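**Q** Here you go, one structure.
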Amino acid sequence: MALASLARRKGYLLSRNLSNSPADALKYSFSLSNFSRGFASGSDENDVVVIGGGPGGYVAAIKAAQLGLKTTCIEKRGTLGGTCLNVGCIPSKALLHSSHMYHEAKHSFASHGVKVSSVEVDLPAMLAQKDKAVSNLTRGIEGLFKKNKVNYVKGYGKFISPSEVSVDTIEGGNTVVKGKNIIIATGSDVKSLPGITIDEKRIVSSTGALALTEVPKKLIVIGAGYIGLEMGSVWGRLGSEVTVVEFAPDIVPTMDAEVRRQFQRSLEKQKMKFMLKTKVVGVDTTGNGVKLTVEPAAGGEQTTLEADVVLVSAGRVPFTAGLGLDKIGVETDKGGRILVNERFATNVPGVFAIGDVIPGPMLAHKAEEDGVACVEFIAGKHGHVDYDKVPGVVYTHPEVASVGKTEEQVKALGIEYRVGKFPFLANSRAKAIDDAEGIVKILADKESDKILGVHIMAPNAGELIHEAVLAINYDASSEDIARVCHAHPTMSEALKEAAMATYDKPIHV
């Protein structure tokens with residue numbers, strides 16, 4: 001039986017569904033047979049206009065076209081894929097992989113019987129490989145636009161009315177794009193810190209950190225979140241002395257505390273240094289390098305840190321500057337995020353918003369789900385995104401991936417629960433490949449055994465987590481996972497054993 005059919009029969013509720021009242025039907029339904037898949041000129045009225053060509057925007061545009069809606073996507077960068085593809089997820093993962101290969105060749109090959117006389121970093125070649133991956137993928141999205149007949153306008157769009165967007169094109173002209181429904185999908189930008197000017201040379205954002213022309217001897221990372229730790233890992237593997245300065249008392253504060261502690265110990269073994277509960281109070285760039293003045297977060301004696309490069313990685317903020325939201329009256333919250341209802345509609349009829357510009361996790365895959373659901377609502381269908389079931393991954397080595405609630409969140413809710421754990425040191429595949437650092441941790445309701453959260457620290461944890469994502473989405477129990485046959489030997493067996501430990505007892509530990 002298809003999963004969707006099973007879900008309907010078992011009465012699963014889609015978190016963003018509304019009842020189909022006559023008013024809803026009148027407001028949101030369309031006669032799809034009337035829509036053309038042809039390209040739209042600037043003066044033609046589109047059924048859907050998407051401002052932003054990132055993961056949320058381009059996916060929304062393609063989905064809209066697939067549903068028969070005449071669609072135009074506006075992107076200021078001139079290449080599709082947004083921050084994620086151009087200067088975020090994709091290039092960072094390329095460098096993480098390349099730097100890991102170098103680190104393995106230098107430190108691990110010999111123990112596997114592979115002797116290499118000398119290993120050195122060819123940074124230009126490494127950066128070229130990263131750029132090639134980005135270029136191929138951006139061109140691929142343009143190909144998908146052509147395939148699905150999405151009109152693509154390159155330029156900076158801003159509202160002149162709730163149904164019109166003025167676009168200053170990259171070529172230097174201007175055109176007005178009209179749409180019955182306009183989706184804001186402009187993503188997010190680097191969060192700046194008071195008194196620190198990012199020049200993308202000595203003081204860099206994640207964008208500049210992806211394009212350094214030489215390996216810095218000393219790198220200071222301000223912020224111990226996903227991006228800071230990933231980029232710190234890249235340059236640390238290539239030879240940088242990396243120090244992470246974090247205002248909070250913990251790294252990655254959204255992570256399960258037990259897993260976080262193991263993760264930090266792993267990074268420290270890789271020679272990454274941490275200064276927690278520490279704030280930056282001064283920056284001096286008058287010399288060749290950078291001098292940071294820091295002090296305890298609670299106040300106290302100041303010290304000076306020196307570095308060749310400083311990476312500012314203190315988070316991201318919604319990118320809505322220059323869109324003309326105030327002109328058409330779109331409401332935002334104190335953090336600048338656009339307020340939307342369960343259908344992604346703003347307070348202005350016909351204007352929608354998705355992805356990083358609205359509340360919720362600032363993740364590319366979350367934005368993609370937003371885009372599909374938003375367009376489905378516009379087309380009179382049902383969309384579905386449950387932000388409590390969105391996985392998160394830190395792509396260091398080992399990786400850390402999670403879905404659902406942490407143990408701290410479960411305790412705060414007053415839920416009685418059980419915990420099952422399994423170390424990769426007891427996993428045969430991990431031992432066979434000599435990469436056995438990590439753990440699987442499962443939280444389940446004590447009475448029903450329903451899985452509440454899963455946390456994995458391991459090589460390829462980002463791939464392993466999706467069995468847990470599917471299980472949580474269908475309200476599976478830990479016993480459900482434990483009784484599913486897993487291939488041997490695989491890393492996935494650690495998840496099965498952790499599930500066995502949750503409701504009963506594991507076999508191999």
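Heads up, the Cβ atoms here are built off N, Cα and C, so glycines get one too.
Copying in the features that TrEMBL gives for the protein in this structure:
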DOMAIN    47-371  domain 'FAD/NAD(P)-binding'
DISULFID  C84-C89  disulfide bond
BINDING   K93, G157, T186, G187, S188, D356, M362, L363, A364, H365  FAD binding site
BINDING   G223, A224, G225, Y226, I227, G228, L229, E230, E246, G315  NAD(+) binding site
DOMAIN    390-499  domain 'Pyridine nucleotide-disulphide oxidoreductase dimerisation'
ACT_SITE  H488  active site, proton acceptor
**Q** Determine, using Cα-Cα distances only, which of these recorded positions is closest to T186 (FAD binding site): C84, G223, I227, L229, H488.
**A** C84
**Q** In sequence order, which same-chain residues at least six apart have a C-beta under 8 angstroms from S188 (FAD binding site)?
**A** T83, R316, V317, P318, F319, D356, V357, M362
**Q** Let me check the 10 A CB neighbour count of L229 (NAD(+) binding site). How many other CB atoms are there?
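**A** By my count, 27.
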**Q** Which chain-mates of E246 (NAD(+) binding site) that are at least 6 residues away have a CB under 8 A from its CB, listed by sequence?
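**A** Non-local contacts for E246 (NAD(+) binding site): G223, A224, F274, M275, L276, K277, T278.
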**Q** In Å, how long is the longest CA to CA span across G223, A224, G225, Y226, I227, G228, L229, E230, E246, G315, which the record gives as the NAD(+) binders?
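**A** Max Cα-Cα spread across the NAD(+) binders: 15 Å.
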**Q** DSSP-wise, what's the residue breakdown of the domain 'Pyridine nucleotide-disulphide oxidoreductase dimerisation' (390-499) into helix, strand and coil?
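**A** Grouping H, G, I as helix and E, B as strand yields 39 helix, 33 strand, 38 coil.
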**Q** Around the recorded NAD(+) site, report the further residues of that chain (criterion: Cβ within 8 Å of the mean position of the Cβ atoms of G223, A224, G225, Y226, I227, G228, L229, E230, E246, G315; site residues excluded), sequence-ordered.
**A** V221, V244, I251, V252, S313
**Q** Let me check the 10 A CB neighbour count of the residue listed as 'active site, proton acceptor'. How many other CB atoms are there?
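**A** Other Cβ atoms within 10 Å of the residue listed as 'active site, proton acceptor': 10.
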**Q** Largest pairwise Cα distance, Å, within the listed FAD binders K93, G157, T186, G187, S188, D356, M362, L363, A364, H365?
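**A** The two farthest binding residues have Cα atoms 30 Å apart.
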**Q** Report, as a single number, how many Cβ atoms besides its own are within 10 Å of the Cβ of G225 (NAD(+) binding site).
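**A** Total other Cβ atoms inside 10 Å, all chains included: 21.
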**Q** Going by Cα-Cα distance, pick out whichever of the recorded positions C84, G225, I227, L229, H488 is nearest to A364 (FAD binding site).
**A** C84
